[in-house]
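Features of the protein shown, as given by TrEMBL:
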- 218-325: domain 'P-type ATPase A' (DOMAIN)
- 76-95: transmembrane segment (TRANSMEM)
- 115-133: transmembrane segment (TRANSMEM)
- 153-175: transmembrane segment (TRANSMEM)
- 187-205: transmembrane segment (TRANSMEM)
- 341-360: transmembrane segment (TRANSMEM)
- 380-402: transmembrane segment (TRANSMEM)
- 725-747: transmembrane segment (TRANSMEM)
- 753-777: transmembrane segment (TRANSMEM)
Amino acid sequence: MLTYRIIVHLDENEVMKWRLSDSKECKNGEHVNPKIRLMRLLHARNLECTVVSGNTSKEAHHSQLRKRLEMEANKLLLRCIVSAIFTIPIMIFSFGLANHVRGVNTRLGKSQITVAYLVEWILATFIQLIGGYPFYRGSYFAIFRSHRPNMDVLIALATSTIYVYSVASLIYYSIVDQPGRDIDFDSSSMLITIITFGKWLEAIAKKNAAKGFEMFDELAPKQVTVVFKDEKEDFVEAEVVNPELVMVGDIIKVLPGERFAVDGIVEAGESSVDESTITGESLPVHKKSGDSVFSGTSNGNSILYVRTTASGSQNTVSQILELVENAQNSHAPIESIADTISAYFVIWIVLIAILVYLIWVILIEKRVVPDTWYDHQSPIIFSLVFSVSVVAVACPCALGLATPSAFMTASSVAVRFGILLKESAAVQYLYNAACVVFDKTGTLTRGFPKVLQVQQLNIFAGLNQDKIVSLIAQVESHSDHPYANAIVRYAEEERGLEVSKQVQSFEEKPGCGVESVIESHEIFVGSWNWIKSKCSSSQGGKEDDLLNHQQRQLLNEWMEDGSSVVVAAIDNVPCIAFRVHDELRPEAKQVVAFFREKKKMECWLVTGDNENTAFSVAKAVGIPVEKVVSQALPGDKVKILESSIEKYRNVSGKYSFFKPRVVFVGDGVNDGPALAMADVGIAMGSKNQLAAGAARAIVMNDNLHGLVTLFDLSRVTFRRILLNYFWALVYNVVFVPGAAGAMFPLIRQQMPPWFAAILMASSSLSVSLSSLLLRFYRPLRNI
């Protein structure tokens, strides 16, 4: 039977155009989603079909990553078991434990070589081919492709040296009539087996470090119920489908206790939603019509109808997994130290191993070493064991694990507390942070301002106050600035006005305001300074002529009260002013005190708001007035950060890896350039995609305590990285001299290569376990 594979690509833009059309068919929810129609058509013809999203979901990407790590661990375990099975007989023959078995000591021909030696050779060869293959392959690519020797080169060199010499000895003693002395297949076999076992432990540690994100695989439901509105505006169930079939604009029904499969806006219903999986906050959040919900969160005790705004690879869970995956593939600056050390370390260890071998051979030749020290070995094997042990114990694999293993664990821990680390460099820079620059709106304040008062400034023929407010809200509905949202809410909820979204043109001026044209009226909405400049330049008059004395005095009183003033002008004439107040976060003062007093950091407030409001907020949270910059445009914020970075860059007496760093915390559109410019940009909340994209870290729970947790977790993680480097290097410093025979004259005992391999594996295991201990991290209780 022939099997056909048909791939269908849907143009999302065309689907959205069709969805917004006024056709009767489009309003009939049975046919809203072309994906569902296609699946129905295929099923009706008894055809099997599988849903594959055009953008493969990040859950699938992460699942593949975990499967790859698991497969890597399973392969290493299999190689380890096979190597161990073959090594055990070799060890039995080497220690003479099988002498009583008939035929084992039978000589081959006229030579002194026995059957036991031949069996050891065959088994050791299998171990080299099966267990040693990954190391030989890695060595080939390291030397001939990347031209940078790595730990695989050391392992391959150590195992192959003993194996090749043993094979040469076996052939030699099979020709001459002398007993075999230099045949040492047990050392090379045990070396490969133990190192493979150590690599398996490393793979298990990597897999465990990635386990922190397994919860995301369980967050998305396997099925969702798609509904539509009939002619009576009642919700009618269409079909239960795979979440991958849901498209933007579809309405889904979410029952109590179910998880949201998509991001969306509540169309109808009222319920509490558990957002702890995303934000880390344990308290449920009340949701009603018009509120946003996110995939991976859980519905409370009532039914919600949600209109989809993002599905598949674009939803919140998928975006989080993408950020985490990219972060784990990034490199912290301190990793360059490990890379440099490893590159030169391999070469130096090889040279030291050769030098150790030559020294012992020369000492034996010069009769400095008594015969009794190596009476059971030839001088070559005696010297070679020291050399191979040096190579085995000094493998720098733990250096390569020190940073990635710690960051991978820390990033999974951060997600539990509603924090996303987008780059591993953020951990190092936050550890070295010396200056924190705060934005005001949405950072030190709640970011949910309210209109407290409205003052009409001029009277327009045919435009009463309600009509003016409606026009201004119509313009502001196209902006995502918190103040714009406050004006729209004021118009709709407090004045009961119907706000249309139809405009002839719209342009946003970051840090200033917005421009628009509605019903042939040119409308400007923004800060009073910007409105003054626009209106005075067009009228050719003085700025003071735009308002009378009482109006100017009223606006100044609003500003001195800590409120923000939003002024609107119609046709270059100021027409109305809004007193907008954004409540200070209750934890803001405590968090600023934590940075200034406990961390001894410099704290700045930089805002586009007026001077009086900025000073009022700074005084409330404890930031000195001299460290406040008001009426700052996006470019001004960048300049301030540039000067701060330059100031700390010139600090003397610090290594480049520990130079003081500047951190910027913000959440708005006009914060994007500053977030990108700072050493570490931190976006508060997940509301603004531009701000989140420019940041190196995101505090999803939109709470300043999350900022403290981020700094503290970075401190703990970077100290753990430094501890990992200590564990990685201390084994080499302590045991390389011992492996080279520095203690042999006192203890008369060589360090066997297999024991050196155990020590090397212990180094990697110590680093991995040290990193995994980060999973027990708990945030600071008292700040």
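FYI, residue positions are counted from 1 along the chain as it appears here.
Every residue, even glycine, has its Cβ placed from backbone N, Cα and C.
A TrEMBL annotation is a machine prediction, not a hand-curated record.
Predicted, not measured: the structure shown is a model, and the values here were computed from it.
If you look at the transmembrane segment (725-747) against the transmembrane segment (341-360), you find at least three C-beta pairs under 8 angstroms, all six or more positions apart, and that counts as contact. Counted with DSSP, the domain 'P-type ATPase A' (218-325) comes out as 21 helix, 42 strand, 45 coil. Beyond the ends of the transmembrane segment (153-175), by six or more residues, the same chain brings 108-109, 111-113, 117, 121, 124, 128, 132, 135-136, 138-139, 142-143, 181-185, 187-188, 191-192, 195, 346, 349-350, 353, 380-381, 384, 387-388, 391-392, 394-396, 753 to within a C-beta distance below 8 angstroms of the stretch. For the transmembrane segment (115-133), the partner stretch with the most Cβ pairs below 8 Å, chosen from 76-95, 187-205, 341-360, 380-402, is 76-95.
Counting same-chain residues at least six beyond the ends of the transmembrane segment (76-95), those with a Cβ under 8 angstroms from any Cβ of the stretch are 104, 116-117, 119-120, 123-124, 126-127, 130-131, 133-134, 185-186, 189-190, 192-193, 196-197, 199-200, 203. Summed and averaged per residue, pLDDT over the domain 'P-type ATPase A' (218-325) gives 79.
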